[in-house]
Amino acid sequence: RQALLWCALVAAWEVSWGQLRYSVPEEMQKGSFVGDVAKDLGLELSALRDHGARVVSEGRRQYFSLHEKTGHLVTAERIDREHVCGRLMEKCVLRCEVIVEGEMKIYAIEVEVRDINDNAPSFRETETEVKVSETTVAGSRFSLSVARDPDIGSNSLKRYELSGDEHFSLEIQTAPDGEKRPELVLAKALDREKNAFHELVLRALDGGDPARTGTMRIRVVVLDANDNAPVFIQAVYRVRVREDMPVGSELLTVSATDADEGKNGEIKYTVQIFSEMASEAFRLNTETGDITLIEELDFEKTALYELEVQAQDGGDLSDMTKVVIEVIDVNDNVPEISVRSLLSAVPEDSPSGTVVALLHVQDRDSGANGEVRCSLDTGLPFRLRSSLGSYYSVETSRELDREAVSEYNVTVRATDGGSPALWSSAVLALRVLDVNDNAPVFAEARYSAWLTENNAKGALVLTVHAWDADWGENARVRYRLCEGQVRGAPLSSYVSVHAETGALYALRSFDYEEVREMGLWVRAEDGGAPALSSNVSVRLLIVDENDNAPQVLYPPPASSGTGAVAGWTGVELAPRSAEPGTLGDAGVSVTRWLVVAVAAVGCLLVTFLLALLALRLRQWRCSHLLARSSGTLRAVPASHFVGIEGVRAFLHSYAHDVSLTADSRKSQLGCPGGSCCNTLPAAPPPDKGAPLLLPEEPS
């Protein structure tokens, strides 16, 4: 119970950090249960279906999938631990992530693939031959090939057993790297004449239950005298090479010595244990022991190679050594950016921190070469946030404005820590969805229009126009009149506005004498929810036209019998020269011409007086100079000058009787009978002198 409680506590702690761990044995059938993801994460099955959830794994192969109906994590194929993780990795852990698309959330999952005893120990060769001189002393040792078991832990290779005859026994030596190596030990002296061959069986057993075994048959050939066997200088050779080492480079040389001379002292080198990948990458010179690179190395594929090299002399005596080649990583892989989830569009009113994309970044190099830094272009309303492990989330850093920028191409750059650094980039295309955040705006601050009275019903008055910076239905503008009244009647009975075009129409025929101007408000409203609106004022001015006949109001017609006037309310006079229609309507055309006429007469009068004054001054100057020269001043004939009385007569002849009132119907222009005179009064007789200036009459 305590163990179960502890496991539950550990699982709860892992879930709180957004990470789940499961364990399954290898070689399970496709679709086998791994874990209840929905339950362990506290997610509803409906949420998984509605929001869309999927499993992604590192690399190209997907080992797991999510069952839509149950929310269970299941295997997507059979998993062979030895193939996926290899023999050198003690713990095989596969990592994947569950991405909930609608919520833009990610949950990390680690699945440990447990080893099962599905592999038996095996030798590279099922049969081998060992040559031993008959003079070899008891206790001499002969190296044998080791067996390999891809399984790990208790299922790996545990022990060796030897069966045969009494001349040989088996001992196990532990190499510096911990590997157990079998050695054939001569227990009794050999006699070639009695027995030239000895048949033995070497058996390798693992720790499984039941145990699996592998066998190799050993044939010992007894030779004539060859006293000394080759001996390697080192029991284990180690070398570290860069993965960008050029093909043809010599990596190392193994060397063994033999104390014998002649043919028995000649040594040849061969590889006894050679993996398939090692055989393709390296070549051993059998004469010199040089190991040469014959294929390009790739740290990401194989980081370690192990070889078993045998040195054999001419008398068929041999020794074994181990060669370990470690590959050093170089920065030869660019960072890889994969978009695991992306929103193609985001509303412009999304709050800061809204996640729009989930990215997974990895670099297959190791160490500093595999450390990746991500960045975004500056000046964009987005930022990067490290999410989980190698995941990054792209989120908004401030509110968006579709009216300013409607689309973004966000470039994500990933740079590793190598020298020189390698980088890659990915472009995220993102549209900004419109939100109704702009009210319609009219083209003008206010509108004015003039409409001639007696217009036809339905006549177009003017057209108002408003535009909305939003998009789609949010930018669709409709117009309507604001409520109001004119002379006690609803405004809508006078004018109407077209909802789509904004055209203002008159619904009745206007009469200037009743309504001279009208003020109203037009509202523009968009199609958003909720809708936004704005108003504009419209001033409608009615223009008068000649639609009323003149009426003689004075003198009023005599009433029969009494001479009284019935219904007479005022007096309006017209000049004799008035044309038809002059005074029937409002006297704006009449008043204007009166003003023009009076102004013209005034200008003529001022001009005449100035000219007359200049003429009189000039004549007075001439007469003054003449008086100085002669001493006497002769009388000037009065006929040559115009006196004050003449000016008065002139002004009187052109005088008009003008009567203006506030009501244009009552404005009058009277011309006296003597106004037709166009000459000045007769001048005095020529023989009678006239003074230049006449004295004023006393008041």
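Using N, Cα and C of the backbone, Cβ positions are placed for all residues, glycine too.
The annotation domain 'Cadherin' is assigned in TrEMBL to 36-123 (among others).
Annotation comment: TrEMBL describes 124-232 (among others) as domain 'Cadherin'.
Per TrEMBL, domain 'Cadherin' is recorded for 233-337 (among others). Mean pLDDT of the predicted structure over the domain 'Cadherin' (233-337): 89.
TrEMBL lists 338-442 (among others) with the feature domain 'Cadherin'.
With DSSP classes pooled into helix, strand and coil, the tally for the domain 'Cadherin' (443-552) is 7 helix, 50 strand, 53 coil. Marked as domain 'Cadherin' by TrEMBL: 443-552 (among others).
According to TrEMBL, the signal peptide annotation covers 1-18.
Per TrEMBL, the feature transmembrane segment maps to 593-615.
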Notebook entry, point to check: With an 8 Å cut-off on Cβ pairs and a sequence gap of 6 or more, do the domain 'Cadherin' (36-123) and the domain 'Cadherin' (443-552) reach 3 or more such pairs?
Noted result: no
Next item on the list: With DSSP as the reference, give the number of residues of the domain 'Cadherin' (36-123) in helix, strand and coil.
Entry: 17 helix, 32 strand, 39 coil
